[in-house]
Amino acid sequence: MMVAWWSLFLYGLQVAAPALAATPADWRSQSIYFLLTDRFARTDGSTTATCNTADQKYCGGTWQGIIDKLDYIQGMGFTAIWITPVTAQLPQTTAYGDAYHGYWQQDIYSLNENYGTADDLKALSSALHERGMYLMVDVVANHMGYDGAGSSVDYSVFKPFSSQDYFHPFCFIQNYEDQTQVEDCWLGDNTVSLPDLDTTKDVVKNEWYDWVGSLVSNYSIDGLRIDTVKHVQKDFWPGYNKAAGVYCIGEVLDGDPAYTCPYQNVMDGVLNYPIYYPLLNAFKSTSGSMDDLYNMINTVKSDCPDSTLLGTFVENHDNPRFASYTNDIALAKNVAAFIILNDGIPIIYAGQEQHYAGGNDPANREATWLSGYPTDSELYKLIASRNAIRNYAISKDTGFVTYKNWPIYKDDTTIPMRKGTDGSQIVTILSNKGASGDSYTLSLSGAGYTAGQQLTEVIGCTTVTVGSDGNVPVPMAGGLPRVLYPTEKLAGSKICYG
């Protein structure tokens, strides 16, 4: 059996995993696989168990199921997983279905028994750490969840916030341009309301700070993804981040860097929604704008406090799958390459590697097990090889993760980017020509390589030689991305030559 070079490389990297840590600096070098616990893997290992996303019911995914499929995740080169919230949820089947996703909590001191036991969650953490991998857990501090109208909430069901005194007075957000409304009024609607905790009160702050520190300690958690960050006043977050004692990345669902970037002053990182929108628009069709993406890369790295601590993504459980816009596999490969080789921490959403195409919630919350977990699909292999070269570059260049990605050129269909210290840089060339794109040679200047230097294109494992003028002749075809790395630096890596 022929074994792909990237699997050999990743295996070698895994067994040499460093000691675990959980600081922002340590998270820079991670690569995250995000999954909905209920939708990734079942304890019984079934790949046929029914999961109709339209029903919005529990489908049976568990923490033990994740443990059993860590080879599948690690085989793509991921070094961390992010799982959905673990707290006990509202028990009813609402008109919007079950709280299978984890964002309608009622008891923060109990676990969601649908996913397993406390021992199962601890076992997941241990299983990851034995592999040198990190555990990131999703948390919600903004709200609880209630099956019913906001005007008739029975606050006694919430633990420990069991009276109305802990909450903002009921009002739904009507105007998202009004930050006071965004923070003080409620999400949800009169079918499922999301009672909004008054996080300005010391009793609420202190409860959350104590809770989050205990959660991290009890389950040996390495990082937190924080939901609905913009709906809580900013001065709440530094204390929460400090109490957690690990890297925290917040969801600020807004594409304006002037709005989103300042939240990085109150927590370690945020999801890179400013990049998400131009990234999606650049590659969801063959007529997308490279200008907007080029400009936003530069804006984010100049305006955000630290673009190397942001989370880069194009899919999640709140936004439509990339393949719901286009089934062009070449475009999907380009967008995945960008995610992994841009600044910050790459985040791939479970099912993206199988080209899942669900649209808006709930269609984008498909069961990964229904794919059968193939490891030979085109995107699985591409993601694995991109993670492999990123992981290798990090191991060889201490400055790789803090070097800010530099888009060195653009035209209507192409954007090359450079990341890494001189002599060890990765140059990624992205195209939105699509799978029917023509074959041509791109003469690339500004890559920073030296005349006569040999480079390996690590997707196709071919080589090119830098011209006497310093330009790199890059063969382009079929709209596929290209990733260049100095050939001499690959010695002993198993990458392309294993």
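Glycine residues also receive a Cβ, built from the backbone N, Cα and C atoms like all the rest.
Small disclaimer: the values here were computed from a predicted structure and weren't measured.
Listed features, source Swiss-Prot:
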type: ACT_SITE; residues: Asp227; note: active site, nucleophile
type: BINDING; residues: Gln56, Trp104, His143, Arg225, Lys230, His231, Gly255, Asp318, Arg365; note: substrate binding site
type: BINDING; residues: Asn142, Glu183, Asp196, His231; note: Ca(2+) 1 binding site
type: BINDING; residues: Asp227, Glu251; note: Ca(2+) 2 binding site
type: CARBOHYD; residues: Asn218; note: N-linked glycosylation site
type: SIGNAL; residues: 1-21; note: signal peptide
Check the Cα-Cα distances from Gln56 (substrate binding site) to the recorded positions Glu183, Asp196, Asp227, His231 and tell me which is shortest. Asp227
Nearest of the recorded positions to His143 (substrate binding site) by CA-CA distance, picking from Asn218, Asp227, Glu251? Asp227
To test your reading of the Ca(2+) 1 site: which residues beyond Asn142, Glu183, Asp196, His231, same chain only, put their Cβ within 8 Å of the Cβ centroid of those residues? His143, His168, Val182, Asp184, Cys185, Trp186, Leu187, Leu197, Thr199, Thr228, Val232
For Glu251 (Ca(2+) 2 binding site), identify the closest of the recorded positions Asn142, Asn218, Asp227, judging by Cα separation. Asp227
Using only C-alpha positions, which one of Asn142, Glu183, Asp196, Asn218 is spatially nearest Lys230 (substrate binding site)? These are the recorded positions in the record. Glu183
Going by Cα-Cα distance, pick out whichever of the recorded positions Asn218, Gly255, Arg365 is nearest to His231 (Ca(2+) 1 binding site). Gly255
Could you list the residues of the same chain, at least six apart in sequence, whose Cβ is under 8 A from the Cβ of Asp227 (active site, nucleophile)? Pro85, Tyr103, Asp138, Val139, Val140, Ala141, Asn142, Glu251
Neighbour-count leader, CB within 10 A, binding-site residues: Lys230, His231, Arg365: His231
Substrate binding residues Gln56, Trp104, His143, Arg225, Lys230, His231, Gly255, Asp318, Arg365: largest Cα-Cα distance, in Å and rounded to whole number: 28
If I take the Cα of Asn218 (N-linked glycosylation site) as reference, which of the binding-site residues Glu183, Asp196, Arg365 has the closest Cα? Asp196
